[in-house]
Amino acid sequence: MNDVIRDFFKMESAGGILLVIAAAIAMTIANSPLGESYQAMLHTYVFGMSVSHWINDGLMAVFFLLIGLEVKRELLEGALKSKETAIFPAIAAVGGMLAPALIYVAFNAGDPEAISGWAIPAATDIAFALGIMALLGKRVPISLKVFLLALAIIDDLGVVVIIALFYTGDLSTMALLVGFAMTGVLFMLNAKEVTKLTPYMIVGAILWFAVLKSGVHATLAGVVIGFAIPLKGKKGEHSPLKHMEHALHPYVAFGILPLFAFANAGISLEGVSMSGLTSMLPLGIALGLLVGKPLGIFTFSWAAVKLGIAKLPQGVNFIHIFAVSVLCGIGFTMSIFISSLAFANVSPEFDTYARLGILMGSTTAAIIGYVLLHFSLPKKAVEEVASEKNA
């Protein structure tokens, strides 16, 4: 039994599977006699904040810390290091954020409260998308995985910018000043080539608290901390950034994200009507994810190649790009996160229907994306195809 559990957690798709299980459990509990207890638990106050608040502002800051680490590593030595390798996923990511937002706005332009959710379908759930792709194993070319990873990372970076610019509340000058001071200390530690992680974590904790009190969303502190962690250690030492990234990854993939899904996907269907489910808000989100994502990513990718701005990755064709662009319509955790910010100060009904739209669009995108990849990829593992050609 222990071997089965160990093998499961070694699977690339394990994180995505746990997300689905956590969301399904949350939906089941929320619509059972335990629904009131579930909501009461999430709204229980611990050390001055509700459990839900701790998950969304506290634990998700660790997730954004991991994003910061991944983005920095990719920029310095990975798929985003050179202009040639970064330009293609960067252009695709821009299209993948613009088109869904425009579709949502087209559906909700007449509603001044709903319009604030324009960024909800612009996000991609990197863990979920990579998990679906991992189900196809070695049939997926490495270059296609790198494209999806780079695209999703740039997408996440775009979401961070959107949160900072458009979903910030009333600002506290004093807290902001403390936050800027702690940011300066973090990068001073980096400049002084401090490679021990403890000082970064102490200063980072103060930064998180300052940002929490400033009116800017606290999760952004995680990204700043991630960018401050040094990639290279002192001579003969391991990389502090890679060490932290590898240490955090299992906790984020198998703990924080499933817990976030459990806390946020538990939508009570009581009072939900078919007319509400087919209203402009959920439809704008679902179609933004399901139609806008592939439309934007594929169109911008195709145009970039045809105009000579970028080249297709080796071993990848436009059918693969389209399949991946559909897969990027899985907004799930990131879209739910933005929804919680966008509709924090309006009727709870907005957030309920938004989350249902996210679940509809993300689930459909996951199924269609998987089917497209299944039929467009080689039937044999990439390594087997290569060895047969060389034989």
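Numbers here mean position along the shown chain, with the first residue as 1.
Keep in mind that glycine also has a Cβ here, set from the backbone N, Cα and C atoms.
What Swiss-Prot lists as transmembrane segment is 14-34 (among others).
Annotation comment: Swiss-Prot describes 47-67 (among others) as transmembrane segment, evidence class sequence analysis. Listed as Cβ neighbours of the transmembrane segment (47-67) (distance under 8 Å, sequence separation of 6 or more from its ends, same chain) are residues 41, 153, 156-157, 160, 204, 208, 212, 217-223, 225-226, 245, 248-249, 251-252, 256-257, 259-260, 263-264, 337, 340.
Per Swiss-Prot, the feature transmembrane segment maps to 87-107 (among others).
Positions annotated as transmembrane segment by Swiss-Prot, on the basis of sequence analysis: 117-137 (among others).
As annotated by Swiss-Prot, transmembrane segment applies to 146-166 (among others), with the evidence given as sequence analysis. Here the transmembrane segment (146-166) has long-range neighbours at 64, 67, 70-71, 74, 78-80, 85-86, 88-90, 92-94, 96-97, 119, 122-124, 126, 129-130, 133, 216-217, 219-220, 223, 297, 313, 316, 321, 324, 327-328, 334, 338, 341, meaning same-chain residues at least 6 beyond its ends whose C-beta is under 8 angstroms from one of its own.
Annotated transmembrane segment per Swiss-Prot: 171-191 (among others), in sequence order, evidence recorded as sequence analysis.
Annotation comment: Swiss-Prot describes 205-225 (among others) as transmembrane segment.
Swiss-Prot lists 252-272 (among others) with the feature transmembrane segment, giving sequence analysis as the kind of evidence.
Here Swiss-Prot flags 280-300 (among others) as transmembrane segment, drawing on sequence analysis.
Here Swiss-Prot flags 318-338 (among others) as transmembrane segment, drawing on sequence analysis.
As annotated by Swiss-Prot, transmembrane segment applies to 356-376 (among others), with the evidence given as sequence analysis.
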